[in-house]
Structure formats: structure tokens, C-alpha cells
Amino acid sequence: MQTFLKGKRVGYWLSEKKIRKLNFQAFAELCRKRGVEVVQLDLTKPIEDQGPLDVIIHKLTDVILEADQNDSQSLELVQRFQEYIDAHPETIILDPLPAIRTLLDRSKSYELIRQIEAYMQDERICSPPFMELTSACGEDTLQLIEKNGLAFPFICKTRVAHGTNSHEMAIIFNQEGLKAVRPPCVIQSFINHNAVLYKVFVVGESYTVVKRPSLKNFSAGISDRESIFFNSHNVSKPESSSVLTALDKIEGVFERPDDDVIREISKALRQALGVSLFGIDIIINNQTGQHAVIDINAFPGYEGVSEFFTDLLNHIAAVLQGQAPEVTQLNRSKLLAEQTGGIMDERICCASTGCISVMGKDSSWIVESETNSSVKLQHQRLGCNSAVSPSFQQHCVATLATKASSQ
């Protein structure tokens, strides 16, 4: 790898907070030792003058959201970034902007999860029913909720899946609680999961599963409980100690996540969106043992992932050698967006024709302590050694395009 990477140039744009949190300078130093030049990009200046660039790593989520609010400076930055991408299709972007936009919208990402679950037809996976509320709750809201397969209690989240406010959530137990809901938002069925959340941190074909505390169990059906408002970031911190996470007793089944299921979900999302750096929040239904994806995050914090920098550099090497499946989809993604009349720019779904594992064998489970709320469960490589059915692409594109055209 070292010989191949020598002389390559990797540009990155991250907020100063993200750089400090990740200690990204350590990654830059690791790259330099491998002969890779790392360039911190200044988007206020022409990117052309800062090139050439073989790969660009970014987290432009804040800038994209501000641009969507018509902030003139952010609009200019996003436009400059997009113009460089258009002028340099040979540059690998981690990750493509259309995919980031999908992950920034919980309604769209949940719909994608639903379509993937429908395609996979794996009984070990369930997609929690959800719906988007775009206006204040009225007399017909309860009917709509029932029509969409939701039942009390359910969890209410902001539609935007990024930023401080995105962690502010509520558990609604009855019709009275609907009065406090502030649209636009997304409501999602609450699934009892014995107060355990599994955060899956994905880097290309590698992933790490970290165990975190989560919400305790609640009785199914309508109750007279008052709505519970909470910050999910605080609840699921490694060191979190909250009455909301204090489990009276383990109910139903208590299972660890199935490695095969995690691998298949991660692979499906990579293929559907063409993304490399993302996080998946998974809970295990304590009645059925099914895995439920309750959130997806673009370029998460990777807390507890000790090998993040090594995985990232390995992935960069793989994409530059054309061995990472998601990267081969970028040009096809653009074509699909054009073919669907532009509306698919935020709903792109494309599949690989196959992928090659270059990372080696899967490593074993590592459980440091059953009482530790932040336990690293595993560090795995996604070994994809079989072709993916072309119908996967057709299924996702057709269903999402149909939904998009109906809105």
C-alpha cells in the first residue's frame, strides 16, 4: 500500500471542532508517513488553486444546511465545492453530496431503510413504522398515525438529522401528548430494546460496533403518562446515568447483534447511497430479537473506534485502486439523478456489481465488561465476495423515484 499511495494528495474540509474532536492532525501525520500529502482545504478560495486532489474528505453538513436556508456565504461555498467536483470527476469524494443530503433528512433516510428492508426480506431485520408530520396535529392526525402503522408510544424527532437540535426528542404516550409536537418532524414507533443501543461506525468495508445505554422499556399502547422530552446525545453517552436508561428488569429476549445482519445492513446502505463514512444506530427488539435501524448519521464522531485512522487510510487506498464498491457508483449516481428528472438528487439509490475484500479476515468479538455502558463489541471487515443482484438497484431507484414523483 505504501508504494501505491506515495505522491497521492488528499484534501479535507472539516469544522475546527471536528478536527479537534477526531484529532485529525494525527491522521494527517499517518498519511505523511505513507507518502500521502494531506491538504486542509479553504473553501473561501478557489479549490482549483489548492489541487490537484486525488481524494476529498469532508463533513459539509452544517454548510449544506445553512445553504438550504439561503445563507449567501454557505451557498457560495457549496457551489464552489460542487463546481470543483463537476470539473474533476476523477477526484474521489468521501462522501457524495446527494447522499449527504439524504442522510440529513430523517424522512428520506427512513424511507430508504424501509425500501432496503423490503428488498432484503430478512426476518432478522425490521423497519420501525414512521411518518412525517408537516403541519400542526389536527383531528385527523390520529387516523393518519394508525394508517401508517404507528401505535403509542412513539418517538418524535426533528426532520433534520444533524446539529444540536437533532438530538432533542420526545416520547409521546397518548393523544394529549400530540399537542406538544412541533412540525416539521418525524415520528417513529418506539420499540422496547432493554435499554441498549448499538452504534455501528462504518469506514468503507470496515465497521466497529460499540454498545451504549439507551431508553428503558415502556408498556405498549396508550397510557396516561406525560410526554418525556430528552436529549438523545446525553442519554446515549458512554458514561450516561439517567432515570430514562435505568432498566427495572430485562424483559423478553436479550440478544447481542448478529454480525451477519450488521454486515448486510452496512453493505446495503453503502451500495444504496455510495457512502463510506457513516454511523448506524441499531436496537434489538426485545420481543422478536429483530434488528431495527433507528437512525443513520453522516460522518459520525467514531468514539470508541481505536483503529479509525488506519481504517480510513486503508479505505482511501482501496478507493484509489478502484476496489471499493461504492466509489464506482458516483458517476452512475449522477446519471440516475438526471434520468429521474432531478428530483432524485436527494434520493439516489444505486448498487454495485460486486466488490472485493482487501482488508483480511474478520476479527473476533471483544467484550470488555458487561457492566460497562460503552463496550466495543467488534471490529469487522465487510467481506463482500459475491455479486450483488442488479435488481437491487432497479428496486431502490424505482420505488424511491415513484415516491418522489408523487410528492
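Glycine is no exception: its Cβ is also placed from the backbone N, Cα and C atoms.
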*Binding-site annotation, Swiss-Prot, 1D-myo-inositol 1,3,4-trisphosphate: partner of Lys18, His167, Asn297 in Lys199, Lys211, Lys249*: Lys199
_Separation of alpha carbons, Lys18 (1D-myo-inositol 1,3,4-trisphosphate binding site) and Tyr198 (ATP binding site) (Å)_ = 22
*asked:* Quick check on the binding-site residues: of Arg106, His167, Lys199, whose CB has the lowest count of neighbouring CB atoms inside 10 Å?
replied: His167
*Have a look at the binding-site residues His167, Asp281, Asp295, Asn297 and say which one has the shortest Cα distance to Ser232 (ATP binding site).*
His167
